[in-house]
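A short write-up of the structure that comes next.
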Amino acid sequence: MLVKHGVISALTRSTSHSPSSSSSTVLRRQQFLVRTLCASKTHLPKLIRAMSSTSEADAESVLRTVTPSLDPKRHKGQAVLSLLVTVTQWKIAVIGGCREYTGAPYFAAISALKIGADLSHVFCTKDAAPVIKSYSPELIVHPVLEESYTISFHNLCLLLSGCSQFSEEEKRKVQDKVIGEVDKWMERFDCLVIGPGLGRDPFLLECVSKIMLLAKKSNVPFVVDGDGLFLVTNSIDLVKSYPLAVLTPNVNEYKRLVQKVLNCEVDEEKAEDQLRSLAKQIGGVTILRKGKSDLISNGEIVKSVSIYGSPRRCGGQGDILSGSVAVFLSWAQQLKSDPERKLLFYFTLSENFSPSESPVILGCIAASGLLRKAASLAFTKHKRSTLTSDIIECLGKSLEDICPAS
């Protein structure tokens, strides 16, 4: 009856557009109206949920569910989700870091460690490696990536020594060496973060393209951020139809993706529908659109995360997010990876999530919620002077507040 006359749809629209300061009051009034109009209590919970915003995720519940608890009886690299489930903690690798940009890969890698990754690797260029190593002894740094200028320098040395000009064959050998260095580690990684501090050198991007193909072949999830998104926007096939890929664009990166894939401009009035269409057009990859409210979609559903947050937008927060997504995605993936763990997964999340929601979506929700809380804590203390390093220092406390270690 209510649906027939459009009452519920009208209530839904009014709820989703209500100002946040008065949303609870409006919702209570609408619930009273439903109770008055509906004689049957059987459908009441469904009607109330229908009036609520269906896209807002309960980020704290997701965090509590996917974050493993700690057990001192376990050796390094293990944790316990419950009395029934034992899992291994995770190894994350960041592909990025060049002469100009050394901070971004550090932020992504150290954030993964701060949240609870077991080991965090960085694959970067030779020039970037000493700098990144100097930031922290906690990171495992591999100086294996090559840029065009190193190829040109090698070419010059060959010419001066009287050798023939540097051939395409020699160039391919250098590329194969880079890929080989990454390949021998690939099976150890639970997730890659591709793009922080990568730069836009053509030869380097070509190498990273092959690393992405290698990750897909090995069925390793990866998060694409920063200059990795520049690469993907110009080569959509690198991620198309790969369900374990996550793209984390900011405003400008998202604009370029929409223009490239949907051949139109960003429409803020239809933000959720457009995001869903974009993700579906790329074959069901998951996109986490960063903004005042983070929007997440895999082409089927759309979830938003708007809790906490900070008015201070310092550079580097996206790098924290990409490293965080890698960790939470891995934890959620393991939680849902076999029949026994699926039981726990659905039991704990059935109130808020449908079986179709992937661990990738849940990993994005958890990472978004944690970063927003950490940014809020950092801003409370530092105000206008808040830096990315301040937010990273608040990751541990933020996670502890939501998911106590003991």
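A Cβ is built for glycine as well, from the same backbone N, Cα and C atoms used for every other residue.
Values in this document were obtained by computation on a predicted structure and should not be read as measured data.
Taken verbatim from TrEMBL:
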BINDING   Gly197, Asn250, Val251, Asn252, Glu253, Tyr254, Lys255, Arg256, Asp319  (6S)-NADPHX binding site
BINDING   290-294, 309-318  ATP binding site
DOMAIN    59-402  domain 'YjeF C-terminal'
C-alpha spacing of Gly316 (ATP binding site) relative to Gly197 ((6S)-NADPHX binding site), in angstrom: 10
Greatest C-beta neighbour count within 10 angstroms, which of the binding-site residues Lys255, Lys290, Lys292: Lys290
Cβ packing number for Val251 ((6S)-NADPHX binding site), 10 Å threshold: 10
Distance, Gly318 (ATP binding site) to Glu253 ((6S)-NADPHX binding site) (CA atoms, angstrom): 12
Rounded inter-Cα distance in Å - Cys314 (ATP binding site), Lys255 ((6S)-NADPHX binding site): 20
For the domain 'YjeF C-terminal' (59-402), the mean pLDDT of the predicted model: 88
Cα-nearest neighbour of Asp294 (ATP binding site) within the listed binding-site residues, Val251, Lys255, Asp319: Val251
Site of maximum Cβ density within 10 Å, from binding-site residues Glu253, Asp294, Asp319: Asp319
Inter-residue Cα distance where the pair is Val251 ((6S)-NADPHX binding site) and Lys292 (ATP binding site), in Å: 10
Of Val251, Lys255, Asp319, i.e. the binding-site residues, those within 10 Å of Lys290 (ATP binding site) when Cα atoms are compared: Val251
Distance in Å spanning the most remote Cα pair of Gly197, Asn250, Val251, Asn252, Glu253, Tyr254, Lys255, Arg256, Asp319, given for (6S)-NADPHX: 20
All-chain count of other Cβ atoms within 10 Å of Gly197 ((6S)-NADPHX binding site): 28
Spatial neighbours of Gly316 (ATP binding site) that are distant in sequence (at least 6 apart) but have CB under 8 A: Gly103, Ala104, Phe107, Leu387, Thr388
Residue among binding-site residues Ser310, Arg312, Gly318 with Cα closest to the Cα of Val251 ((6S)-NADPHX binding site): Gly318
